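Visitor: Sequence annotations record features per position, and here TrEMBL assigns domain 'Amidase' to 23-458. Under the heading active site, charge relay system, TrEMBL lists K73, S148. The annotation active site, acyl-ester intermediate is assigned in TrEMBL to S172.
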Amino acid sequence: MTISETAAKIRSGELKAVDLAAEHLKAAHTTGKELNAFITVIDQAIERAKQIDEMVARGEDPGVLAGIPCTVKDVIMTKDIRTTASSRLLENFIAPYSATAVERIEAAGAVIIGKTNSDPFAFGGSGENSGFGPALNPLDRERVPGGSSSGAAAAQAAGIGMFALGTDTGGSVRQPSAFVGVTGFKPTYGRNSRYGLIAMASSFDTVGVLGNSVEDVALVEEVLAGKDSNDATTYDMPVPAYSRDLKESVSGLRIAVPEEYFSEGIEPLVEQRVEEALEKYRKAGATVERVSLPILKYAIAMYYVLVPSEISSNMARYDGVRFGHKDFADYDENLRKTRGAYMEDEVKRRVMIGTYALSAGYADQFYNTALKVRVKLTKEIETVFKSYDLIAGPTAPSVAFKLGELVNNLLQMYLSDIYTVTANLTGCPAISIPCGMGAGDMPVGLQLMAKRFDEQTLFNAAHFYQTSR
Ligand code: GLN
């Protein structure tokens, strides 16, 4: 059942939100635990579900997500509930307020059943950096579910929660979605509020959605999108009824496929599945053309200079005064010792890389150069969108890898973001949808990217593929 079908049954009283919540909570405590998908399971969800049923009984309308069980990545704040960012640095942190994204889905009737595991502060692409141990891929528990929204993807693919809120700074919603075979969407930068999201890289961060279908994800995005007075980077633009307006025709759609996407490093079966998917678009009347965008070669390099730089600045607040542990009375001693003890290795690594890239003498060479190239990339992508509606390709160069396989090969690990970071560098919306199976019988993701604020075209094209099978 889709989210809207389920919500309709709850709004009519045919289905009880409390029964649905109980079922999903049970799965969170059993399968969810085996997969290490959750940091906190929210048993109070039962009370919340009861309230939804009571509203229905009183003849009130709880909203388009009435009684829909869902999960929230633990870098997104939930009032009065532990929010750890999957880091030991915040293991006891109780959020004083809820993120706007959380408030919006709750105002639409959603029932949050748990906080999902991830890489700490969303730094990573496999979930293995988590201070709480890695989440496992439900399709093959020896493999990672991708990351950093690893628990979100694991739970979603295991049928725990009907949608998952994740965050995408460089691919953390799309790549895990591809690795577990679900739909993952990252909005235009500034479309969804970041208020109450624990910052990673502020000019890249977005709140995104993982779901069972494009239709479900589009519906949740309608609830999330729009101006928020608490986030000055959000835009005051009307939010279309994405899910109602979904079109299945792609006739006349113009799709660009960068040839740089198919160079070394891509698994043959990933390439083949993506080609087959593109063929489907061609047959349905879309134009699919190869384009050359040599600048894409530098996307990963830009990303891994700019993102750690923003990280190093955002991590300054974990000093034991504002946030973090306060085990020692002396400020300097506390800073040194608690960061040493509670920051995961990847967190330390990124702070060090960012501090270096921003330091006097190196800022011009690294940070400022990367900023300039980011502007150039954005312009070149805009130029492509003058002639094309979408840019398509694989979501990731490989299928889900084995746990431990890349932990000692960081470069390879970072390269797993090679196709996803461009959307974050340029602020464009993008989606990953499953497009068949690759090596090891693991799912492959097709990525589509649209110009800023053109979410509708993105959803339409992805919906076409999902419903044409
Ligand atoms: N894997 C990427 C990284 O490690 C993306 C992270 C993210 O989107 N949060 O930076």
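Just so it is clear, glycine is given a Cβ too, placed from its N, Cα and C backbone atoms.
Caution: TrEMBL annotation is automatic and unverified by curators.
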Visitor: Please give me the CB contact count at 10 A for the residue listed as 'active site, acyl-ester intermediate', counting all chains in the structure.
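Guide: Within a 10 Å radius of the Cβ of the residue listed as 'active site, acyl-ester intermediate' lie 36 other Cβ atoms.
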Visitor: Can you list which of these active-site residues (K73, S148, S172) have a Cβ closer than 6 Å to ligand 1?
Guide: S148, S172
Visitor: What is the pLDDT of the domain 'Amidase' (23-458) when averaged and given as a whole number?
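Guide: PLDDT averaged over the stretch: 97.
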Visitor: How many whole Å apart are the CA atoms of K73 (active site, charge relay system) and S148 (active site, charge relay system)?
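Guide: Approximately 10 Å lies between the Cα of K73 (active site, charge relay system) and that of S148 (active site, charge relay system).
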Visitor: Rounded to the nearest Å, what's the C-alpha distance separating S172 (active site, acyl-ester intermediate) and S148 (active site, charge relay system)? Just drop the number here, would you?
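Guide: Per the Cα atoms, S172 (active site, acyl-ester intermediate) and S148 (active site, charge relay system) stand 5 Å apart.
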Visitor: Please list residues from the chain of S148 (active site, charge relay system) whose Cβ is under 8 angstroms from its Cβ, counting only those at least six apart in sequence.
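Guide: Within the chain, S148 (active site, charge relay system) has Cβ neighbours under 8 Å at S118, D119, A122, F123, G124, G125, G127, N129, T167, T169, S172, P176.
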